[in-house]
Amino acid sequence: MDSQVLVALGLSMLGGLSTSLGALFVVISQTPNLKMLGILQGFAAGLMLSISFFDLAHNAINSIGFLKGNLWFFAGVIFFALVSNFIPEPSITPISGAKGKKFSACEQKDGDDRNKDIMKKHRRQVLFSGIITAVGISLHNFPEGMAVFLGSMKGLRVGLNLALAIALHNIPEGVAVALPVYFATQSKWQAFKLATLSGLAEPLGVIIVGYLFPSSLNPEILEGLLGAVGGVMAFLTLHEMLPLAFDYAGQKRAVKAVFFGMAFMSASLYFLERSLPADMSL
(Lines of atoms letter the chains of each structure in order from A and count residues from 1; the text may use other names and numbers.)
(Lines give C-alpha, C1' and ligand atoms only; values in the text may rest on other atoms or scores of the structure.)
Protein backbone atom coordinates (compact mmCIF):
# COMPACT_ATOMS: atom_id res chain seq x y z
CA MET A 1 0.00 0.00 0.00
CA ASP A 2 1.28 3.49 -0.90
CA SER A 3 2.94 5.40 1.96
CA GLN A 4 0.60 8.40 1.46
CA VAL A 5 -2.40 6.12 1.87
CA LEU A 6 -0.89 4.63 5.03
CA VAL A 7 -0.32 8.07 6.55
CA ALA A 8 -3.85 9.19 5.64
CA LEU A 9 -5.22 5.91 7.00
CA GLY A 10 -3.48 6.44 10.33
CA LEU A 11 -4.75 10.03 10.59
CA SER A 12 -8.29 9.02 9.68
CA MET A 13 -8.22 6.29 12.34
CA LEU A 14 -7.57 9.06 14.87
CA GLY A 15 -10.71 10.84 13.71
CA GLY A 16 -12.80 7.72 13.27
CA LEU A 17 -12.00 6.20 16.65
CA SER A 18 -12.76 9.48 18.43
CA THR A 19 -16.40 8.42 18.17
CA SER A 20 -15.39 5.71 20.64
CA LEU A 21 -14.27 8.44 23.03
CA GLY A 22 -17.72 9.98 22.73
CA ALA A 23 -19.27 6.61 23.50
CA LEU A 24 -17.16 6.43 26.67
CA PHE A 25 -19.01 9.51 27.95
CA VAL A 26 -22.18 7.42 27.80
CA VAL A 27 -20.62 4.21 29.12
CA ILE A 28 -19.09 5.97 32.13
CA SER A 29 -22.09 8.20 32.84
CA GLN A 30 -25.67 7.91 31.60
CA THR A 31 -26.03 11.70 31.68
CA PRO A 32 -23.04 13.18 29.81
CA ASN A 33 -22.11 16.81 30.47
CA LEU A 34 -23.72 18.43 27.45
CA LYS A 35 -22.34 21.86 28.34
CA MET A 36 -18.79 20.52 28.12
CA LEU A 37 -19.62 18.77 24.84
CA GLY A 38 -20.97 22.08 23.51
CA ILE A 39 -17.76 23.90 24.43
CA LEU A 40 -15.76 21.11 22.79
CA GLN A 41 -17.93 21.43 19.68
CA GLY A 42 -17.31 25.19 19.60
CA PHE A 43 -13.57 24.64 19.97
CA ALA A 44 -13.63 22.14 17.07
CA ALA A 45 -15.66 24.64 15.01
CA GLY A 46 -12.89 27.20 15.52
CA LEU A 47 -10.30 24.69 14.33
CA MET A 48 -12.38 23.86 11.26
CA LEU A 49 -13.05 27.50 10.30
CA SER A 50 -9.37 28.35 10.66
CA ILE A 51 -8.37 25.43 8.43
CA SER A 52 -11.11 26.16 5.88
CA PHE A 53 -10.51 29.88 5.35
CA PHE A 54 -6.92 30.59 6.44
CA ASP A 55 -5.33 27.44 5.04
CA LEU A 56 -7.25 25.47 2.40
CA ALA A 57 -9.21 28.25 0.66
CA HIS A 58 -6.35 30.73 1.05
CA ASN A 59 -3.81 28.36 -0.52
CA ALA A 60 -6.19 27.43 -3.35
CA ILE A 61 -6.74 31.10 -4.24
CA ASN A 62 -3.00 31.83 -4.15
CA SER A 63 -2.13 28.74 -6.22
CA ILE A 64 -4.81 28.67 -8.95
CA GLY A 65 -6.21 32.20 -8.86
CA PHE A 66 -9.09 34.01 -7.18
CA LEU A 67 -11.84 32.87 -9.58
CA LYS A 68 -10.88 29.19 -9.78
CA GLY A 69 -10.17 29.01 -6.07
CA ASN A 70 -13.62 30.39 -5.23
CA LEU A 71 -15.34 28.14 -7.76
CA TRP A 72 -13.75 25.06 -6.18
CA PHE A 73 -14.56 26.31 -2.66
CA PHE A 74 -18.26 26.87 -3.38
CA ALA A 75 -18.43 23.62 -5.34
CA GLY A 76 -17.46 21.93 -2.06
CA VAL A 77 -20.14 23.92 -0.22
CA ILE A 78 -22.85 22.92 -2.71
CA PHE A 79 -21.71 19.28 -2.75
CA PHE A 80 -21.95 18.86 1.01
CA ALA A 81 -25.17 20.88 1.20
CA LEU A 82 -26.73 18.34 -1.18
CA VAL A 83 -25.25 15.39 0.72
CA SER A 84 -26.54 16.72 4.05
CA ASN A 85 -30.13 16.56 2.79
CA PHE A 86 -29.88 12.76 2.79
CA ILE A 87 -28.14 12.42 6.17
CA PRO A 88 -30.20 12.30 9.38
CA GLU A 89 -29.07 14.96 11.83
CA PRO A 90 -27.77 13.50 15.12
CA SER A 91 -29.40 14.52 18.38
CA ILE A 92 -27.75 14.34 21.80
CA THR A 93 -30.88 15.30 23.74
CA PRO A 94 -31.01 13.24 26.94
CA ILE A 95 -33.63 10.51 26.75
CA SER A 96 -35.95 9.80 29.65
CA GLY A 97 -38.19 6.82 30.07
CA ALA A 98 -41.93 6.97 29.76
CA LYS A 99 -43.50 8.05 33.03
CA GLY A 100 -46.50 6.09 34.22
CA LYS A 101 -49.62 7.54 35.73
CA LYS A 102 -50.93 6.82 39.23
CA PHE A 103 -53.61 4.15 39.18
CA SER A 104 -56.15 3.08 41.78
CA ALA A 105 -55.72 -0.34 43.41
CA CYS A 106 -58.06 -2.11 40.99
CA GLU A 107 -56.35 -0.54 37.98
CA GLN A 108 -52.76 -1.07 39.16
CA LYS A 109 -52.16 -4.35 37.31
CA ASP A 110 -53.57 -3.06 34.00
CA GLY A 111 -51.59 0.14 34.46
CA ASP A 112 -48.35 -1.77 34.98
CA ASP A 113 -48.99 -3.82 31.84
CA ARG A 114 -49.68 -0.68 29.83
CA ASN A 115 -46.50 0.95 31.16
CA LYS A 116 -44.45 -2.10 30.19
CA ASP A 117 -45.91 -2.06 26.67
CA ILE A 118 -45.29 1.67 26.33
CA MET A 119 -41.71 1.33 27.59
CA LYS A 120 -41.03 -1.62 25.27
CA LYS A 121 -42.36 0.30 22.28
CA HIS A 122 -40.42 3.40 23.32
CA ARG A 123 -37.18 1.44 23.59
CA ARG A 124 -37.70 -0.03 20.09
CA GLN A 125 -38.26 3.45 18.67
CA VAL A 126 -35.19 4.82 20.42
CA LEU A 127 -33.05 1.87 19.25
CA PHE A 128 -34.20 2.47 15.68
CA SER A 129 -33.33 6.17 15.96
CA GLY A 130 -29.87 5.22 17.29
CA ILE A 131 -29.27 2.86 14.35
CA ILE A 132 -30.44 5.51 11.86
CA THR A 133 -28.11 8.03 13.51
CA ALA A 134 -25.21 5.55 13.26
CA VAL A 135 -25.90 5.03 9.54
CA GLY A 136 -26.14 8.79 8.99
CA ILE A 137 -22.89 9.46 10.83
CA SER A 138 -21.17 6.69 8.86
CA LEU A 139 -22.23 8.38 5.62
CA HIS A 140 -21.17 11.68 7.13
CA ASN A 141 -17.70 10.35 8.08
CA PHE A 142 -16.99 8.92 4.63
CA PRO A 143 -16.34 12.31 2.93
CA GLU A 144 -14.34 13.35 6.01
CA GLY A 145 -12.01 10.44 5.27
CA MET A 146 -11.73 11.72 1.70
CA ALA A 147 -10.81 15.16 3.07
CA VAL A 148 -8.06 13.71 5.29
CA PHE A 149 -6.64 11.76 2.33
CA LEU A 150 -6.55 14.81 0.05
CA GLY A 151 -5.01 16.87 2.85
CA SER A 152 -2.32 14.24 3.38
CA MET A 153 -1.49 14.34 -0.33
CA LYS A 154 -0.78 18.05 0.09
CA GLY A 155 1.42 17.47 3.13
CA LEU A 156 1.56 16.11 6.67
CA ARG A 157 0.65 19.47 8.23
CA VAL A 158 -2.63 19.80 6.31
CA GLY A 159 -3.61 16.18 6.92
CA LEU A 160 -2.74 16.38 10.63
CA ASN A 161 -4.71 19.59 11.15
CA LEU A 162 -7.76 18.18 9.39
CA ALA A 163 -7.56 14.94 11.38
CA LEU A 164 -7.34 16.84 14.69
CA ALA A 165 -10.32 19.06 13.96
CA ILE A 166 -12.42 16.14 12.68
CA ALA A 167 -11.47 14.02 15.70
CA LEU A 168 -12.79 16.67 18.11
CA HIS A 169 -15.92 17.03 16.00
CA ASN A 170 -16.56 13.28 16.09
CA ILE A 171 -16.67 13.00 19.89
CA PRO A 172 -20.23 14.41 20.21
CA GLU A 173 -21.25 12.21 17.29
CA GLY A 174 -20.16 9.16 19.30
CA VAL A 175 -22.43 10.35 22.11
CA ALA A 176 -25.28 10.84 19.62
CA VAL A 177 -25.04 7.16 18.59
CA ALA A 178 -24.28 5.58 21.96
CA LEU A 179 -26.85 7.38 24.11
CA PRO A 180 -30.04 6.06 22.43
CA VAL A 181 -28.54 2.58 21.90
CA TYR A 182 -27.61 2.32 25.58
CA PHE A 183 -31.07 3.50 26.65
CA ALA A 184 -32.78 0.98 24.39
CA THR A 185 -30.58 -2.07 25.05
CA GLN A 186 -29.16 -1.32 28.52
CA SER A 187 -25.90 -2.71 27.11
CA LYS A 188 -22.77 -0.58 27.39
CA TRP A 189 -20.95 -2.89 25.00
CA GLN A 190 -23.60 -2.56 22.27
CA ALA A 191 -23.59 1.24 22.61
CA PHE A 192 -19.79 1.40 22.44
CA LYS A 193 -19.58 -1.07 19.55
CA LEU A 194 -22.12 0.70 17.32
CA ALA A 195 -20.54 4.11 17.94
CA THR A 196 -17.09 2.73 17.09
CA LEU A 197 -18.33 1.06 13.90
CA SER A 198 -19.94 4.31 12.73
CA GLY A 199 -16.53 6.02 12.98
CA LEU A 200 -14.75 3.37 10.90
CA ALA A 201 -16.38 4.76 7.76
CA GLU A 202 -13.71 7.47 7.84
CA PRO A 203 -10.68 5.21 7.25
CA LEU A 204 -12.82 3.28 4.75
CA GLY A 205 -13.19 6.53 2.80
CA VAL A 206 -9.40 6.87 2.78
CA ILE A 207 -8.90 3.34 1.43
CA ILE A 208 -11.44 3.75 -1.38
CA VAL A 209 -10.29 7.22 -2.45
CA GLY A 210 -6.65 6.14 -2.13
CA TYR A 211 -7.17 3.72 -4.99
CA LEU A 212 -9.27 6.13 -7.06
CA PHE A 213 -6.83 9.04 -7.05
CA PRO A 214 -3.38 8.67 -8.59
CA SER A 215 -0.45 9.54 -6.31
CA SER A 216 0.91 11.94 -8.97
CA LEU A 217 -2.20 14.13 -9.18
CA ASN A 218 -1.98 17.36 -11.17
CA PRO A 219 -0.97 20.10 -8.64
CA GLU A 220 -3.67 22.48 -9.91
CA ILE A 221 -6.37 19.83 -9.52
CA LEU A 222 -5.06 18.93 -6.06
CA GLU A 223 -5.19 22.57 -4.94
CA GLY A 224 -8.71 22.86 -6.36
CA LEU A 225 -9.85 19.72 -4.55
CA LEU A 226 -8.36 21.05 -1.30
CA GLY A 227 -10.25 24.29 -1.86
CA ALA A 228 -13.41 22.21 -2.25
CA VAL A 229 -12.53 20.41 1.00
CA GLY A 230 -12.35 23.86 2.60
CA GLY A 231 -15.90 24.52 1.37
CA VAL A 232 -17.07 21.18 2.78
CA MET A 233 -15.49 21.91 6.16
CA ALA A 234 -16.94 25.45 6.27
CA PHE A 235 -20.46 24.21 5.51
CA LEU A 236 -20.15 21.40 8.05
CA THR A 237 -19.02 23.88 10.71
CA LEU A 238 -21.71 26.51 10.14
CA HIS A 239 -24.55 24.07 9.44
CA GLU A 240 -23.96 21.47 12.17
CA MET A 241 -21.23 22.28 14.65
CA LEU A 242 -22.07 25.88 15.61
CA PRO A 243 -25.82 25.26 16.17
CA LEU A 244 -25.00 22.32 18.46
CA ALA A 245 -22.42 24.38 20.33
CA PHE A 246 -24.97 27.19 20.84
CA ASP A 247 -27.64 24.74 22.02
CA TYR A 248 -25.50 22.90 24.55
CA ALA A 249 -23.01 25.52 25.79
CA GLY A 250 -24.88 28.78 25.21
CA GLN A 251 -23.99 31.45 22.68
CA LYS A 252 -21.40 33.34 24.76
CA ARG A 253 -19.44 30.25 25.81
CA ALA A 254 -19.62 28.77 22.31
CA VAL A 255 -18.33 31.95 20.62
CA LYS A 256 -15.41 32.13 23.08
CA ALA A 257 -14.64 28.47 22.37
CA VAL A 258 -14.69 29.14 18.61
CA PHE A 259 -12.12 31.93 18.83
CA PHE A 260 -10.01 29.91 21.25
CA GLY A 261 -10.05 27.06 18.71
CA MET A 262 -8.99 29.42 15.92
CA ALA A 263 -6.14 30.79 18.06
CA PHE A 264 -5.08 27.25 19.00
CA MET A 265 -4.98 26.21 15.34
CA SER A 266 -2.93 29.28 14.36
CA ALA A 267 -0.44 28.51 17.13
CA SER A 268 -0.30 24.83 16.16
CA LEU A 269 0.46 25.77 12.54
CA TYR A 270 3.28 28.03 13.70
CA PHE A 271 4.95 25.46 15.95
CA LEU A 272 4.31 22.49 13.68
CA GLU A 273 6.05 24.14 10.74
CA ARG A 274 9.14 24.68 12.90
CA SER A 275 9.17 21.28 14.56
CA LEU A 276 8.98 19.11 11.44
CA PRO A 277 12.21 18.11 9.64
CA ALA A 278 13.20 20.43 6.80
CA ASP A 279 12.86 17.66 4.21
CA MET A 280 9.34 16.69 5.28
CA SER A 281 6.50 17.87 3.05
CA LEU A 282 4.13 20.48 4.51
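Backbone N, Cα and C define each Cβ position, glycine as well.
A Cβ distance under 8 Å defines the sequence-distant neighbours of the transmembrane segment (6-27), meaning residues of its chain 6+ beyond its ends; these are 33, 37, 137, 141, 144-145, 148-149, 151-153, 156, 159-160, 162-164, 166-168, 170-179, 182, 188, 191-192, 195-196, 198-203, 205-207, 210. Look at TrEMBL and you will find 6-27 (among others) tagged as transmembrane segment.
The transmembrane segment annotation in TrEMBL covers 39-57 (among others). Outside the transmembrane segment (39-57) by six or more residues, the chain places 69, 73, 151, 158, 161-162, 164-165, 168-169, 171-172, 226-227, 229-231, 233-234, 236-237, 241-242, 244-245, 248-249, 253-266, 269 with a CB less than 8 A from a CB of the stretch.
Sequence annotations record features per position, and here TrEMBL assigns transmembrane segment to 69-87 (among others).
Residues annotated as transmembrane segment in TrEMBL: 126-142 (among others).
If you look up TrEMBL, you'll see 162-182 (among others) marked as transmembrane segment.
Beyond its flanks by at least six residues, the transmembrane segment (194-213) meets 1-2, 4-5, 8-9, 12-13, 15-20, 22-23, 26, 130-131, 134-135, 137-139, 141-146, 148-150, 153, 166, 170, 173-175, 177-178, 181 of its own chain at Cβ-Cβ distances under 8 Å. Look at TrEMBL and you will find 194-213 (among others) tagged as transmembrane segment.
Sequence annotations record features per position, and here TrEMBL assigns transmembrane segment to 225-242 (among others). Using a Cβ-Cβ cut-off under 8 Å and counting only residues 6 or more beyond its ends in the same chain, the transmembrane segment (225-242) has close neighbours at 41-42, 44-45, 48-49, 51-53, 55-57, 59-61, 64, 69, 72-81, 84, 89, 143, 146-147, 150-151, 154, 158, 162, 165, 169, 217, 254, 258.
Look at TrEMBL and you will find 254-272 (among others) tagged as transmembrane segment.
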